[in-house]
Amino acid sequence: MGKKKIDINTREDLFLSYYKEIEKNKFDLLKICSDKNFSKSNFLKAVHCLFSLSYFCKIKDENEEEEGKEEEINDYKVKKSTTGNYYRNSEGKLFKKSNEKDQIDDVSIFYKRLPTIQDFKDTYDKYENCLNSVYYIIRKIKLLHLEYFWEILASCYGTISFIKFFNIFSNEIFSPSENGDSVFIMVGKFFRRKVRAETHYDLIFLKIILANASIPMILKLGVKDIGRFTEKEDIIVSYYRNFSIIHSLRFDNVKEFALVYKTLKNNYPSKKKKKITLFEENGKINVKTSKKDLMLFEFVCKFDCVKIFKKYFLPKPQIINNNDNNEMLECISSGSYSGFDEKSKRKIRIFFSICCRQISPKILKCIVDYVKDDIGFLDLQNRQDIYIGDSAPEKVLFLNCFFGNHKEQRVIDFFNLLTSKSIIICNTIKEKPELYDYRYITLSTVDSTFYFSDSHKGADFGVYTDEINVIINNDDIDYDYIGDDDNDEEIEETKDYGSSSSDIDDFYNVFEPKASMIPNILDSCSLEILKAYIQNITGNGLFKISPSLFLAHDVTRLVRNPKPKTETVVKILEFINTISRLSELSTNGVPFTFLTNRFEIVTSIIMSLHDERSISNSVEPVQWLRALAPFVSNDEMKLIIYKVRTLYNYEPHSNGEIKYTELVRLFDVQYLLTKGKFSLSQFNGFETSIFLNPKLLDGTINSNILNSMIIKDKEKLDLKELFFKEKPLSEAELKEKFEIATKNEKELLDQLKKENDAEKLKKKNKLKKQKNQQQQQQAKQQAQQQKQQHQQNIQQNYENQHIEDQRKFNQQTKGRPISPSSIQNQNLNPTLLQNQNQTSNPTPNLESTKKATPTTTTTTTTNSNTSAIINEIKNQDLNQQQNITENINEIYDVSIGKFKFNKKESNILGRGSNGTLVFKGIWNNRIPVAIKQMQKMFNPLISKEIEILIGLTNKNLNLVGYIDQEEDENCVYLGLTLCDGSLQSLYDQSKLNEFINQNNNQNNNNNNNRVLDLIIGMINGVIFLHDQNIVHNDLNPRNILVKDNRLIISDLGLSKMNVSSTYNFSTNAIPTGQDGYHPVEVLLEKRKTKSVDVFSLGCLIYFIMTNGAHPFGDKFSRLRYITKSKYNLSQLSNLNLVATHLIELMISYDESKRPTLSSVLKHPLFWDSLKKIKFLESSLRLLGDHDFKKFNINKILISCNSNSSSSNSICNSSNSSSSSSSSISSSSCKISSSSCYCVPLPWNQSLDYQLVDSLSNQIEKKVASYKFDQLHDLIRFIRNTLQHYNQIYRDLKQILPNSDILESLKSQQSALNYFESKFPTLIIFLFNHFSAIPEIKNSIHFSNDTCSIF
């Protein structure tokens, strides 16, 4: 909007136009004010409307006052003259022309750096029209009282125009208006309502206010809509007249606070302070005091003004010897160092009082962080023997808290906050008096008082206990200047405004301590508050509680309080009795905390402490009643005894007897009510005598009463034993008992040593006897062998002699034949030779026949001798067998049925939970077995386990075998296959690598085949279990046993049946799930499926192939990394990427993504050479199939290449994260090189150039063309090489007879190994992508039997 020229010829038309313009401008102004999307441009329009309105009002008023001054009215009706630089007005007068700046817009004054009207006049004194506009605005400034206009100004106060407006018209704005208020009072309402953040213009505005306005005006600023106060706070605020500072406190504006506080401080100088007194009159709270100083500290805490508090209230530490570090360290170690002086320490304690009174967690946290190294911090490491209650520890904050209408959780969180920051509250007695001299006890000086009230809904302390997220910026605030005014003065900062000791001390003196801490905590009847307080003063259990902490009269207030429930009081008293061991301060174990006339509490305590479960460890009822007798009336005692009788007669025991019935009968009502029959010391009254001295209760019973009761009691109970315990021993008696105990201990040690020596000697003799028996047995065997050899020699000689005799006989008989029967009937024994030696030249006549009779007798005698020798040998065998049996009985001294074993520690193979043990033993006196002993009581599913073992035995060679079972009264004994050890034992003995590589030469292929055979056997065993619907659920190196160079699975399906026993060959049984071989669903106790075993097998495969490593790190961090799916396969990925790929699938976090075991066996890791070749051929056919042209393998590789960290390789980034680190770090989620399978490009650079040239230029006299940047051509190159390796070998040998490539072309297997070494990730890359696409996986190219890989 620019200036409008009005062409009016008559006076009447002129005035009519004036009024129309005025109304039009008013309408525009109202329209702009109602616009919600108010902007800077709208603000300028509004100001222009105002100036136009003022201008027309000026014209209107002047014409009404002086009708004859038309020359002033007709300034806008100028007709320019054509002559030179002059023009004539309507009356013909000649005026000099103004230049271009003379026509300046009224609003332009707000764009220039002209802070005052005088500056403006000095700049534009040559331009009459512009100056007149400004003067008319000043004269008509009363229009600024329009509220809707100031709503606009307050909304956009941060623009430079608004600040300039105040600078120019400040005098008129702050001058009183017709109603007595200045325009500023009206503006302040909107200003304080809109302003929140502390900006440069906000501070300039305050400077204008503080420089021009009077204090009464300031006090009326920003009263409404700032904050709600309680009735008491309203009175204090009103009295001290500090409305003006509430805004900066409300929004924690530091510099704004400094400006306002300095002005108010200067206007209200400090005077001597007096105590504030609040009294109630006619239902209203009033204040009576003569103090006039400001009290800001409560409101600093009320609004959590952390930045203001830290900058202006916290004292500055005074460091001693800041330049000499060594001397300062000596001061610290000697305890003489102090970061604060005594005045500062007291001030800090007072700040504790301020912030806790208003429940200000942020301010409290600020103080705690600021002073924790200098005050209130206890060195817990060096003071572990401190008793809170003895001499006060160093650097402990002495506090007394008063809880009014407490909010339980806030009080608890307050104590927890101090505890988390190592601030120990000490509410102790400075000088420890005697216990019974309670009247002279003086408590420590109260340094702070805490008051918690529900009336103020401040922030909770709980959010600041563990992690305090309060940002305190103590630096000077750097605000960017929006405008271009370089002449603004810097705001003067005033520091340490609130550090005046008089102000703070006066606030502290306002409220006197109401009570000590323990009574008020007990009055709250909150067990949680009490626990939080005890946790604080004990430093989380590092300190012991002094018995003097809980005074008897404080506890008496608790049990006398009629408000809390009986159950609550009972729980609190039990807690006190537990932590402070109050029984040490009483006689015969009777805690004095229960001396009360509230018998319903007494009986409740007795019921809770003397139930059937703890009756044997509790104080006997007689002691409770005896302690209560002096302090209760007769009627109360009758009721107590009645309730005690009811308690112990309520439920009979299983055998029909009632425990303590006869004991309670002793306490007849008349007997207990006769107090004079007890020789107890006299007390001075209930209040002073409640602090009992243990010696005061030592008394005797009248002998007549005792005799009469013994006669009356038929069972003749020994009352002395019931009423009295053994008195404390004297020092001499204690010393004597100690010497006797030492002597007995020495004798016992000597006896144990003798027994050990005797055991060693017995064992030595036994070994010596066994050695002698072995030597004797060897001698007998040698003698028997010699005898057998001798018999054979004799037999041979006899046969030779018999043939010679027969030949001679035939010669004598002239060739007559000899019948075979005659030869068969002859006795072939050694004695015949002797007889024939005695008879020379035998003849077949009668005489010789007669001499044959004695020969037969000799033969019979010889047969008898041979039988005797045989019997002797049999007897020796029997004796030897008997000796072996005796030796077995000596070695295995425990016999259960057919099992024999020894329970010595050296004979234990393993331990399990619930008392399960595995022993080495024998079955049927000859077969070595592993004997598993299981407790019947703790293993209810033993029969189920045996049933499964029997059903699975001999059906799979990779499962542990069942042999037999026996049982006795308590245990069941299973005979299982005895193995050589477990994978874990091999690893512990550093023999795992030796076991895997045994029976192999240096060929890596043989070693790999050995490893794969072991893994396949283990997987087949688990597959067999799954086929039987059994989930093992506990596969780990301790349950994988070694037998005959095979891996055998033990603990078959016990976790599936919830049997907690284990079969481990380890001396340390680890609970299920704690060794890191269980997936996350087992750790979270979710449903268990077969995928649990897949996860465990993946970890075991990694264990075997890396010589004992684990995918999830060491045993201390495995569980945490399993739940976060953080694994590290780097130890294997450098050796075998194919195995890494398989393991990564098997240990997937999501159980649905883990492969089945049948799919695991189809993984390329277990492929032979034929299957790999078939796979490459099928892949080549697939990539050339027209139906799968849309599957561009090279496009996939290029996409992977863009995600790879290297620009010269193509990667399969199935998982985006990869790392070469060998350890699992918190920053990396998954570490595995298998997450990126790379094929170098161009691929011909990875091969020997002789091979590439040979295959490219001459294959069966045909030239083959290959694209070295295409993976399809690489597969074709490999296929052609494998098919024509013989021809390529012959061609290269003729050209390069000494080339190294010839070794790789001797066979198809060697050629395949060559390509696998050059491209180790090729097959797994193709397998991974093909298996993810159903159309390819189910295509005809992979459906035949030779290549059914998916």
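The backbone N, Cα and C atoms fix where each Cβ goes, and this holds for glycine too.
Residues or ranges marked as ATP binding site by Swiss-Prot on the basis of sequence analysis: Leu909, Gly910, Arg911, Gly912, Ser913, Asn914, Gly915, Thr916, Leu917, Lys932.
Residues or ranges marked as coiled coil in Swiss-Prot: 731-802.
Look at Swiss-Prot and you will find 761-771 tagged as compositional bias 'Basic residues'.
Among the features that Swiss-Prot reports, compositional bias 'Low complexity' is placed at 772-795 (among others). As a summary of secondary structure, the compositional bias 'Low complexity' (772-795) carries 24 helix, 0 strand, 0 coil according to DSSP.
Here Swiss-Prot flags 824-864 (among others) as compositional bias 'Low complexity'.
The domain 'KEN' annotation in Swiss-Prot covers 1169-1346, and the record cites sequence analysis as its basis.
Per Swiss-Prot, N-linked glycosylation site is recorded for Asn37.
For 761-795 (among others), the entry in Swiss-Prot reads region 'Disordered'.
Swiss-Prot lists 807-864 (among others) with the feature region 'Disordered'.
The feature transmembrane segment is assigned by Swiss-Prot to 149-169, with sequence analysis given as support.
Using DSSP to sort the residues of the compositional bias 'Basic residues' (761-771) gives these counts of helix, strand and coil: 11 helix, 0 strand, 0 coil. DSSP assigns Ser913 (ATP binding site) to coil in the three-state reduction, outside any helix or strand. Counted within 10 Å of its Cβ, the other Cβ atoms near Ser913 (ATP binding site) come to 16, all protein chains included. Counting other C-beta atoms within 10 Å of each candidate's C-beta, the binding-site residues Gly915, Leu917 are led by Leu917.
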